[in-house]
Amino acid sequence: MKIALVTACPSGIATTIIAAGLLEKAAAELQWQANIECQTAFNSTKTLTEQQIDDAEVIIIAASTAVDNTRFVGKKVYQADITACFENTKAWLTDAVTQAQVLTAATQPLADESDNAVKKIVAITACPTGVAHTFMAAEALTEEGQRQGYEIKVETRGSVGAKNQLKDAEIAAADLVIIAADIEVDLARFNGKKLYKTSTGLALKKTKAELEKAFATATVYHQAGNTNAQATDKKTEKAGPYKHLMTGVSYMLPLVVAGGLSIALSFVFGIDAFKQEGTLAAALMTIGGGSAFALMVPVLAGFIAFSIADRPGLAPGLIGGMLASTTGAGFLGGIVAGFLAGYSAKFLVEKIKLPQSMEALKPILIVPLLASLITGLVMIYIVGGPVSAAMAGLTTFLNNMGSANAVLLGIILGCMMCFDLGGPVNKAAYTFGVGLLASQTYAPMAAVMAAGMVPAMGMGLATFLAKRKFSNSENEAGKAAFVLGMCFISEGAIPFAARDPMRVIPSCMIGGALTGALSMLFGAKLMAPHGGLFVLLIPNAISPALLYLVAIAAGTVVTGVMYAFLKRPEEGSVAAQMASANA
């Protein structure tokens, strides 16, 4: 007899592998020919082919999580909880064959719902900093979903952790899963569900179109890396490197903030006070510079690799990042190490084939060891030297450049921060500034944060200067945007940019360029990469503080005045009503 077996459990680790081994042994004792699909978290097991499914007389599914059975329609199928096969496996297998029934479209779980039933959606939003895009995208999805009559719940993965967490029952009942994320998100609990991936930017700016696209193009997700999952991965592969980099940055960011502010606090006691051992200043410097900053590059590299290859990539990435740090390759070396470790681990996971009984050793022992050796040797003998020299040259140039070059760099960084308001260009400039903090180069980070505050504050100022041109809702949004700008949340300007991009974005870029240029010209230095104006409450976190405020104010005024002048009266605004009355 020919049978096909499918095993799956929520974690995709021990239970599914053990069950597959027991069922394979029992089938052999019964002299049955069995093809097995073991849905594991390691993305390495073969999926049942169409030919194997056609040849099988019975399909047996042992699973404690959702499994896509649309491909088995028309075949005799038996499904039970995975734990049921552990005791007397041979007898269980015999009973399964006896009790199997033909699966039809009417009995198939994904097809028995009425077209008129209310569709249920669960979603996750996440962005690198976990501040603005995460929550704004969640709000947009919730509002649009409810407007279209869907039941929707959105889990946010913000800087303070997961909020509004999805329950297992809610995931099981959902018709669709939407992942709107710019960083990697663990998808293990969505195994067997129809899933659609997008970015927070698209979910925020094109919400209706993304919801329609999600229902039209979502594919069933499988942990084991089957055909559908691979097809989905290929669709998003182009954006993969950016997402992997942003995942590393998001995990590195808390270390940068904590380390930078600890160093700033040590300077309260004097610039050189930390050199005296046993003092509080020395302890603060050890916490910030000796520990937090020392972990920055390893964590960056480790979580880039984790994003690419999941858990097997973490150890090689951390090791490669530490080598980058110790060889002086800095954050550039950390980025190289992260991608090298991640893709080498992913390659090994896919190419190394082991017996089912030894499969669990691969992600724990074999892949981390081999990937660590590959990454370490390449970093030491090939990459480390050139990248270290490049990093040293960049640091020397930035620390010794003249006023003209400093102003030019400030203009470039300022324009990048204001170009797409939290998008890839904005994040590239931000990552550049954050990465240089590990090399004790603080001026670019100051220019980046100052310019990043301009768009939202400028929009707030524009609504104040030209109230009559804006609708009541826009005037209220302007007040909120100004506060968001003070907190270094550029995304506060997005509602304005979405309505009027051809006027808003140039206004923001000109103001941001001025602020970035002035910040670099004044020699402003910033110890922490986030917090906006509230970082001023920390002594020595920003210096010189007064000139830094002048730079921000100048850019804000330019953006606000320029957009107030260019803005056309909004329909329903006081100015529009006066114009129509005069006409």
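All residue numbers here begin at 1 and follow the chain in the order shown.
Cβ atoms here come from the backbone N, Cα and C positions, even for glycine.
In TrEMBL, annotation is done automatically, which means it is predicted and not curated.
What TrEMBL lists as signal peptide is 1-19.
Helix, strand and coil counts from DSSP across the domain 'PTS EIIB type-2' (1-98) read 39 helix, 25 strand, 34 coil. Per TrEMBL, domain 'PTS EIIB type-2' is recorded for 1-98 (among others).
The feature domain 'PTS EIIB type-2' is assigned by TrEMBL to 119-216 (among others).
Feature annotation from TrEMBL assigns domain 'PTS EIIC type-2' to 241-576.
Residues 128-129, 159, 279-282, 284-285, 287-289, 291-293, 295-296, 299-300, 302-303, 434, 437, 526-531, 538-541 of the same chain, all 6+ positions outside the transmembrane segment (251-271), place their C-beta atoms under 8 angstroms from a C-beta of that stretch. According to TrEMBL, the feature transmembrane segment maps to 251-271 (among others).
Outside the transmembrane segment (283-306), and at least 6 residues removed from its termini, the chain residues within Cβ reach (under 8 Å) are 184, 244-245, 247-252, 255-256, 258-266, 274, 313-322, 324-325, 330-331, 333-335, 337-339, 341-342, 345, 435, 437-438. Residues or ranges marked as transmembrane segment in TrEMBL: 283-306 (among others).
Long-range Cβ contacts of the transmembrane segment (318-343) within its own chain (Cβ-Cβ under 8 Å, at least 6 residues beyond either end) map to 241, 244-245, 248, 294, 296-309, 371-372, 374-376, 378-380, 383-385, 387-388, 390-392, 394-395, 434-436, 438-439. What TrEMBL lists as transmembrane segment is 318-343 (among others).
Under the heading transmembrane segment, TrEMBL lists 364-384 (among others).
The transmembrane segment annotation in TrEMBL covers 404-422 (among others). Below 8 angstroms of C-beta separation, residues 127, 132-133, 201, 398, 428-430, 432-433, 443-444, 447-448, 450-452, 454-455, 490-491, 493-494, 497, 505, 508-509, 511-521, 523, 555 of the same chain, each at least six residues beyond the ends of the transmembrane segment (404-422), sit close to that stretch.
Within the chain carrying the transmembrane segment (442-465), a Cβ under 8 angstroms from the stretch's Cβ atoms is held by residues 398, 406, 409-410, 413-414, 417-418, 421, 426, 429-430, 432-434, 436, 474-475, 477-486, 488-493, 496-497, 504, 507-508, 511-513, 515-516, 519-520, 523-527, 529-530, 532-533, 542, 548, 551-552, 555-561, 563-564, 567, all 6 or more beyond its ends. Annotation source TrEMBL lists transmembrane segment at 442-465 (among others).
The annotation transmembrane segment is assigned in TrEMBL to 477-497 (among others).
According to TrEMBL, the feature transmembrane segment maps to 504-526 (among others). Within its own chain, the transmembrane segment (504-526) is flanked in space by residues 260, 403, 406-415, 417-419, 421, 442-455, 458-459, 462, 493, 496-497, 535, 541-544, 547-548, 550-552, 554-560, 562-563, 566, which lie at least six positions past its ends and keep a Cβ under 8 Å from the stretch.
For the transmembrane segment (546-566), the list of distant contacts is 414, 446, 450-451, 453-455, 457-462, 464-466, 469, 485, 496, 503-504, 506-508, 510-516, 518-519, 522, 524, 533, 536: same-chain residues at least six beyond its ends, Cβ to Cβ under 8 Å. Residues annotated as transmembrane segment in TrEMBL: 546-566 (among others).
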Fill in the blank from the handout: Residues outside the transmembrane segment (477-497) whose C-beta sits under 8 Å from one of its C-beta atoms, at least 6 past its ends, are 131-133, 136, 204-205, 417-418, 421-422, 426, 449, 452-464, 470, 504-505, 508, 530-534, 556, 563
